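Asks: I'd like to ask you about the structure that follows.
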Amino acid sequence: MDHLPIFCQLRDRDCLIVGGGDVAERKARLLLEAGARLTVNALTFIPQFTVWANEGMLTLVEGPFDETLLDSCWLAIAATDDDTVNQRVSDAAESRRIFCNVVDAPKAASFIMPSIIDRSPLMVAVSSGGTSPVLARLLREKLESLLPQHLGQVARYAGQLRARVKKQFATMGERRRFWEKFFVNDRLAQSLANADEKAVNATTERLFSEPLDHRGEVVLVGAGPGDAGLLTLKGLQQIQQADIVVYDRLVSDDIMNLVRRDADRVFVGKRAGYHCVPQEEINQILLREAQKGKRVVRLKGGDPFIFGRGGEELETLCHAGIPFSVVPGITAASGCSAYSGIPLTHRDYAQSVRLVTGHLKTGGELDWENLAAEKQTLVFYMGLNQAATIQEKLIAFGMQADMPVALVENGTSVKQRVVHGVLTQLGELAQQVESPALIIVGRVVGLRDKLNWFSNYYD
């Protein structure tokens, strides 16, 4: 993060703008809306500045840049069409430890101005860090269309109720549950928009009188294979409403950055053959936190019901009578194959797909005869340590030695790497790859060179 997003309280505080043209006028309008006590210093001014000055809204200082005007300032903006003057303003502000924005020169500035969606008191700011103002503007326009105009009225009314909510609901969890009901109540929002005081009061009293659900719950959420863009909308909603998130090592940092900031986080990372936290202990963590009345999200890489042991965790909750739900995720087989240019099915090469675990319980054995059959694609999860055995068994049960294979490491992420070859090389190829990785076996792998669209490394 190159810039810390903050909201400044500028009401009745001295601010300076250097420049008297159209750009300076736009910046002045923002500072005036924020209640700043504004001085504008320039050689000449467009008419709007004179109008504001005559109305007593700001002070004009005509002439060259006077750095003594900064002495009482909290914040400054350099908005002239002269780069040399703008740099002088920036240097003078820097020497006084005053934050200064330099229009169209983010590297010379100590702060940048975001694109703003104003639903006061709700404010949304969008910034590209000065690298792409057009992108920030396009995002602002999209958000403008998504956020109702009356949202500010809802936020303002919520502020009026805060003391009552704090008095009536003793815990943070209860208050959060109340506010979640409050902000999704369409009737209340519409009544506020219509200025229907009677309906607003009736809906408010109903919200306060309805009992809150104090029962805890567990939501099993599939985080997908790595790319945060592959997290489902419902999954995103759940991690942003969680009291506590229990997650494993296959959940990417980008996805964890989307988790509600105030949520507790419990890492229970596991590797094939080694459990940082035993599965039974994970089950008990989910049970214990839900019994405290918390909204628990169990966040798993891929899909929780495909080699994620999600069923085992839910059985424990079911036995204890804890409410639960499941949000599916994109499983690694689907995500990694797509990002590697390998279709899992193809009319000419594969009429079926088998998802296989390469990490068996002691003494376990796969149905190698059926796995070696023609016209199918095999995807092995957690198979790196068994790659040589997979190679040996498939060949022994009749699979052709030149069957294409691929190993996908860190699939769908910026660190994705794919190595490929033929079945007789599988054990050797596995030595070049680190976990997490997926093994794909089948004629469809041969299409990779043609269909590969996502590549960060040359294989």
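Keep in mind that glycine also has a Cβ here, set from the backbone N, Cα and C atoms.
Just so it is clear, the model here is predicted, and its values are computed rather than measured.
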Asks: Taking Swiss-Prot at its word that P225, G301, G302, D303, I306, T331, A332, G411 bind S-adenosyl-L-methionine, choose the one of M123, M172, M382 listed for that site.
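Replies: As annotated by Swiss-Prot, P225, G301, G302, D303, I306, T331, A332, G411 share the S-adenosyl-L-methionine site with M382, chosen from M123, M172, M382.
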Asks: Tell me the Cβ neighbour count for S128 (phosphoserine), meaning other Cβ atoms within 10 Å of its Cβ, over all protein chains shown.
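Replies: For S128 (phosphoserine), the count of other Cβ atoms within 10 Å is 17.
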Asks: Have a look at the binding-site residues G302, A332, G411 and say which one has the shortest Cα distance to S128 (phosphoserine).
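Replies: Closest by Cα distance to S128 (phosphoserine) among the binding-site residues G302, A332, G411: G411.
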Asks: Just to verify: the residue among I306, A332 with the fewest other Cβ atoms within 10 Å, which of the binding-site residues is it?
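Replies: Taking I306, A332 as the binding-site residues, the minimal 10 Å Cβ count falls on I306.
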Asks: If the S-adenosyl-L-methionine binders are P225, G301, G302, D303, I306, T331, A332, M382, G411 per the record, what's the largest distance between their Cα atoms, in Å?
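Replies: Overall maximum Cα spacing for these binding residues reaches 16 Å.
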Asks: Around P225 (S-adenosyl-L-methionine binding site), which residues of its chain at least 6 apart sit with Cβ under 8 Å of its Cβ?
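Replies: In sequence order, G301, G302, I330, T331, A332, S334, G335, C336, G411, T412 meet the Cβ cut-off.
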Asks: What's the CA-CA gap between D248 (active site, proton acceptor) and I306 (S-adenosyl-L-methionine binding site) in angstrom, rounded?
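Replies: Distance (Cα to Cα, whole Å): 15 Å.
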